[in-house]
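**Q** Okay, handing you the structure first.
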Amino acid sequence: MSVDSIAFDHQPPSKHLLCAPSKSPTISWKSTPGKWDWQQTTYQIRLDRPDWQPTTYYVNSAASVAVTWPGADISSREIVNVKVGVRGIGEEEDVWSEEVSVEGGLFELEDWSAVPICAAGEADLSARVPVTLLRKGFTLVDGDKLVKRARLYVTAMGVYEIEINGRKVGDEEFAPGWTSYAHRIKYQTFDVTDHLRKGENVVGAYLGEGWYRGRMGFEGGRTAIYGTEIGLLFQLEITYEDGTVTKIVSDDSWKASTGAILYSEIYDGELCDARKEKPGWSSPGYTESEDWTTVQELPFPAANLVSPTGPPVRCTETLTPVKVFTTPSGKTVVDFGQNLVGRLRIKPRGSAGHKITFIHTEVLEKCGEVATRPLRAAQCTDHYIMKGGDEPEIYEPKFTFHGFRYVQVYNWPGSADLLTSMEAKVLHTDMPRTGWFSCSDELINRLHRNIVWSMRGNFLEIPTDCPQRDERLGWTGDIHVFSETASFLYDCSGMLQGWLQDLAYEQMDNDDCVPPLVVPDVIDPAKFPRLPQAVWQDVAVVLPWVLYTRFGDVNILYSQHASMKSWPSSGIPRDPNTGLWCNTFQFGDWLDPSAPGDAPQDGRTDPMLVANAFLIHVTDLLSRISTILGDPDGASEYATSASALRQSFNDEYVTPSGRLSSDSQTAYVLALRFNLLPTPAQVETASKRLAEIVRKSKFRIATGFAGTPYILPTLATTGNHQLAYRMLHERRCPSWLYPLQHDATTIWERWDSILPDGSVNPADMTSFNHYALGAVAEWMHASIGGIAPAAPGWKKIWVAPVPGGEVRWAEVRFLSVYGEVYVRWEVKDGRFRMEVRVPGNVSAGIVFPRGAREEEGEGEGGNIGGEEVVDGNETDKVLEVGSGVHIFDRPWKEDTDWPPTTLAHPYMPDKEASSSGFRTRVVLP
C-alpha cells in the first residue's frame, strides 16, 4: 500500500503549501491499499521544523481526514516539513508518505510593514475610471549574495495584477477576490524567486475597481460600497542564503499613471485603447514620462488580512467558435456553442484607431437577433481600439467577465478571420472536479452537463445566482438548495467555508442576527431591506451541515456554531403561542412555474407552510449538530422544540387524515421529506396524494426553489420511483428536459426562460445560467448512480442504485476525501450487473434494487479479473463490504410497479443508527 497525498486545511494536495490558511492546519491523507478490505488502525505524523528536533506523534486511530495539527502552532513565515505514516489491521510496520511542507503566512498585524497606496488625488466617480498603473524600481545586492527565496504577499482594496520585470506573477484572476471587505480581505502569497535578477528590477501593478468600488447590485446598484479609494498592499521579502532579508513594500516612493485600459468594470465591460499602452512600463530600462506621478498612502485596513481558504479564479478552459453568422438585421454574431462565463481573447489586425465592439449575450431572440434585454442594466460590452501595425494584435480584457454564448461584433477588421482570431477563456474558481455521472439516456447526460456548466459559471469567487446581468450576487437561497449537488461535483469546501465566514460576520453585525440575503451584502437596504426569509437564511444552518457530511471536517460546525444557533433563536419572528413563523412576507417556493412572471413568490404553496417546514428541518439539524459537538443539553432542547413545532405545524396545516392545506407538490414533498407527519396513516395519505398530483400534472414539474431539490427523492422513497423517473424524462414545459428542446447548455433561472413559442420570457428577471433548479443532480447521483455518504466525509458509503424509467445503465464516480468511489450498473439480457469500488479505510453498505433481490440460494457473486467474489445471497438486508472492487451479477426481474423499498438513502445516519451503521426506516406505500 501507499500514502499518496497529503493536504492541509482541505487545500489541494501539493509538495509545498505556500501559505497555510491557519496557524494549526488540519491534515488529511489518502491511502491506496495493497490488499483487500484495508482499514487503518494507527497513524504517525512527523514534524520537522527549523531549530527543533524532529518530532513524531503516534495515534491509535482510523482517522485520516481533517486530523488535528499535532504540534505547536506554525509561526509566520515558518516552513514545517511533514510526513505521515499509517498502519492497517494485522500489519507490523508503518508505510510512510513522501515528505511535504507547509509554510506560514503573515499571521500577525506586526508582520506587515507595507502600507496601501493609490494614485494621488480623488477619482471622479461620476465618470468612468481608468485602471491605475503602479510602478516601483529596486536593485538587488550585487556580489556573492545569493537569493534563497523570495515571497510576495499582496492584496488590494479593488482587484490587482502584478508583473515583475515584465512577467505576470501567478495565474490568478480577479485577485484578491470578493469578501466582506469590512471584515476579511484575502491576501495572496507567491514564490517569485525566479522572477528576480541581479541588478535593476521593476514591479508593476494593474489596479482596478472590481467589487470594492465598482457598481454592484440591481435596480441601478451602488458604487463605492466599501470605499472611494482603491489601493494596493504589496510586500516582497527577499531572503538571501546568509539569512539577511530585503523588503520591497508599497509606500509613497512608488509612482502611478494610467495606460490603455480606460475602464474595466464587472457589469459593463472594458474599454481598451491600445494606442495608450506604455510598452515596457513594468520592466527595467523604461523611462518614466511626466504623467507618472507620486502616490498617496492610505490607512491600513481595519479588516482581518487572511490567507484564502479556497483556490483562486483561473482560466480553466479555452473554447473556439463553432460558427459565425449574420442576423436578419445584418449584424455579425459569433456562436461559441456553449453558454459560459469568462471573456474573449482576440487577434485582430488593422489600422490605428480602428474600434471594435463586442456585445455578449446568452441567447438569441426568436427573430434571430441577440437578446440583450435579460442583461438589464449591465452593458456586457467590450471595446478595443487598435494601435495599428502589420502584425496581429492580442487583446484580452483585464478586470471584467461576462456570461455569454453569443458575441455580436461591430466593426471587425476584414483582414482577420473571426473564426480563427477569437477564442473564449472560461473563468471560475479553480476547484478540483470530484464528481462524474453518465447513463444510457443522452438527454439526462446533457442535463447533467448543463448543471456542471452552470456551477462552473456561478462559482466565480462566491456562489452567485447568475453571471451575466446586473446582479451576480451571492444569494443564500440558491446555494442552500444546490449545496449537496455542488459538494459532489467539485471540492468547494474551502471556497464555501470562506463564504460562510463572511455570512457569519455580517449576520452577527446585525442586532437581530438575521443573516444577509446575499453574501457579501451589497444590497441597498433602503430599496431591499434585510427581511427574515426561510430557505434563504436557513443556509446558515444547512450549508455547514452539508460541508461537514460531505467533507468530514467537524471544525466547520464549531466555527459556524454561533451563527447557526443565532438565526432560529434571534432572527426568526415567532408566534408566541405556537413557536411558528409569524405571518410575514416570504419568498416561499420561489419561481414555482405557476407564479406570475412579475411575482415569483406567489406560487401554489402557502409561503408560511414552506417557512415552517424548513424551521423544523433546521431545528432538527441543530439537535444533531449539538450531539456531534458534545452538547447533550442543547441537543435535547432542540429535539423538544422540533417536536413542539411539528405539533403546531400539524395543527395549522395538516388534516387528521394527512391532507395538507396547500394541495401542491411542494407542500407534500416538504412534509414527507422533513418527517413532519406524525402517524403512518398520514404518511400513507400524503404519499398517495403526492403521486396523484404528479400524475394530474402530467408529470410536469410544479415546484420552485423550495420543493425542486426534494421532489424526486421523496417520490422514490415513498414507493413511487417510477414516477420520479417519469418526471425526469418529461420534455414538455415545465420540466428539466424542456430547456434542451431549445438548445440550452446551462440551467435556466425559470422553467420557461424561453417560452414554448421560442420567444424569451418577458419577465424582468430572466437568466439562462442559474444553477438552483439543477439540484436534481443530487438524486441522479444518489439514486440513478446509486451512491451517497452514510458517515461524515464518505467514511461509510451507501450504495443503492434504483434502476427505472428508460435508463438501462448508469455510472457514477466520486473522488471523496478518502479516495475514489465508483459504481457502474447495467440491466441487460435479464441480468443485473454492478461493479462497486470502495477506497481504502472506508466501508460500504450495499442495497440491491428490488428487481435484483433474490430468493435464498439463488444468488450469485462475480469474479472478474481476479477480483474478490461477493456472495449475492441478500434480500432486503444491507450487504456490508470493505475497500476493494466488488462485482455482482444477478438475475433481473422487470417490475414497473415495485412496492417501496424498506431502506431509504440515509444521506447521514440517525444518531439511533442500526447495528449495521446504516439508517433504516419503513416507508409506507
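Yeah, the Cβs are placed from backbone N, Cα and C, and that goes for glycine too.
Keep in mind that this is a model prediction, so the values were computed, not measured.
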**Q** Which one of these stretches, 376-400, 626-650, 901-925, shows up in TrEMBL as region 'Disordered'?
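**A** Region 'Disordered', as annotated by TrEMBL, spans 901-925.
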**Q** Looking only at the domain 'Alpha-L-rhamnosidase concanavalin-like' (326-417), how are its residues distributed among DSSP helix, strand and coil?
**A** 3 helix, 40 strand, 49 coil
**Q** The domain 'Alpha-L-rhamnosidase six-hairpin glycosidase' (433-784): mean pLDDT?
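**A** Averaging the confidence scores along the domain 'Alpha-L-rhamnosidase six-hairpin glycosidase' (433-784) gives 97.
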**Q** In the domain 'Alpha-L-rhamnosidase C-terminal' (786-861), how many residues does DSSP call helix, how many strand, and how many coil?
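**A** Helix/strand/coil tally for the domain 'Alpha-L-rhamnosidase C-terminal' (786-861): 6 helix, 36 strand, 34 coil.
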